[in-house]
Amino acid sequence: MSQYMMVAVAAVVAVAGSSQISRRSTGGTQEQEILNELLSNYDMRVRPPPSNYSDPMGPVTVRVNIMIRMLSKIDVVNMEYSMQLTFREQWLDSRLAYAHLGYHNPPKFLTVPHIKSNLWIPDTFFPTEKAAHRHLIDTDNMFLRIHPDGKVLYSSRISITSSCHMQLQLYPLDLQFCDFDLVSYAHTMKDIVYEWDPLAPVQLKPGVGSDLPNFQLTNITTNDDCTSHTNTGSYACLRMQLTLKRQFSYYLVQLYGPTTMIVIVSWVSFWIDMHSTAGRVALGVTTLLTMTTMQAAINAKLPPVSYVKVVDVWLGACQTFVFGALLEYAFVSYQDSQRQTEQAKSRAARKAQKRRAKMELVEREQYQPPCTCHLYQDYEPSFRDRLRRYFTKPDYLPAKIDYYARFCVPLGFLAFNAIYWTSCLVMVSRLV
């Protein structure tokens, strides 16, 4: 009898052990069994049932969330910018729900990036894209997450170069508004409707937008006012708009400061003696060539546009002031040469008259006053006398032109600055 009891106990232990092994095996392969059961009758060619069960023919709602990881290479010439982002889409596919399958303690979600090719994915594309790629190092930077109720989260890391239609009328005081759109390529609004995540539609990695060399990201707005209507139907669209403010401090140092100094240097010509032709011409030509070179260098960084920019007004005015200084000397030199020609003719006429008078006069003793040369000493003018001579209005017309130019031209440049900067501030305030 004892032998029978021992055999019975051994049998019970063996059955219990095999049952425990079976439960452990079932727990270890639970996710695999869930996936096999979900995909057994799944057809990726058919879109999921509508999100709104009350409308059996309604569209699938795809909720979108974007995280901007990097913003760089804002190219004004090609009107484009580059950014790296994490693009997330979320939708409900009731065919993938596994809460009702009866598994004990099912997982909170299934992370299954390897079955992407077996699932229905929204055919989202970016209309403003010029170039883009997904990151594959060390593996494909994406994941798929399936929740018990059938909610699917698809996330992917993308680098994209997108076009941005820039308005450069206020360059370099401009604000740029760059639109980033996403649309379904094949499904109309009867099949897919996009909506932004109401909690956080766009997220920024810390530091993004504040480390750009010439711009600063000041604002991000989202909307859905970009629905595309074509002859094949209406396609839902979402839009993210980036507001980029150009950093003016760079252009103050590299553009406005140097050009202002060139204009001021050209005014030195008004203080140089009108008979110093070589010095005044060399100064005028040098400043004019420098101004032209700077203008060409600045325009090389901009696209050829058909409208006038505020920087064109500034450069044109500076070049006008520099060229005007050179023309002023040309006019002064011409007036001086005309005056000297008239004086030479007058002296020649007086000399001829004196010669004729000498021939008619009878020689007579002429009185010579005693020499008083030793009574006078050489006089060295003081600094005050020299300063007074510079600021005393002359009677000679060419010198009078130089005199007025010394004061009128700087005042004219100051008046231009007042009008220019006031107009710029008014136009910029209308954009903000």
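Each position is counted from 1, following the chain as shown.
Here the Cβ of each residue, glycine as well, is placed from N, Cα and C on the backbone.
Since the structure is predicted, the reported quantities are computational estimates derived from the model, not experimental observations.
The following features are taken from Swiss-Prot:
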- Arg69, Arg88, Ser155, Ser184: L-glutamate binding site (BINDING)
- Asn52: N-linked glycosylation site (CARBOHYD)
- Asn219: N-linked glycosylation site (CARBOHYD)
- 1-18: signal peptide (SIGNAL)
- 250-272: transmembrane segment (TRANSMEM)
- 278-299: transmembrane segment (TRANSMEM)
- 307-327: transmembrane segment (TRANSMEM)
- 403-426: transmembrane segment (TRANSMEM)
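Mapped onto this structure are the features recorded in Swiss-Prot.
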| residue | record | contacts (Cβ under 8 Å, 6+ apart) |
| --- | --- | --- |
| Asn52 | N-linked glycosylation site | Gly58, Thr61 |
| Arg69 | L-glutamate binding site | Met83, Gln84, Leu85, Thr86, Arg157, Lys205, Val208 |
| Arg88 | L-glutamate binding site | Val64, Asn65, Ile66, Met67, Leu153, Tyr154, Ser155, Asp197 |
| Ser184 | L-glutamate binding site | Pro122, Asp123, Thr124, Phe125, Asp191, Ile192, Tyr194, Tyr235, Ala236 |
| Asn219 | N-linked glycosylation site | Leu242, Thr243 |
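Note on the transmembrane segment (278-299): residues 255, 258-259, 262-263, 265-266, 268-269, 272, 311, 315, 318-319, 322-323, 325-326, 329 of its chain, located 6 or more positions outside it, place their CB under 8 angstroms from a CB of the stretch.
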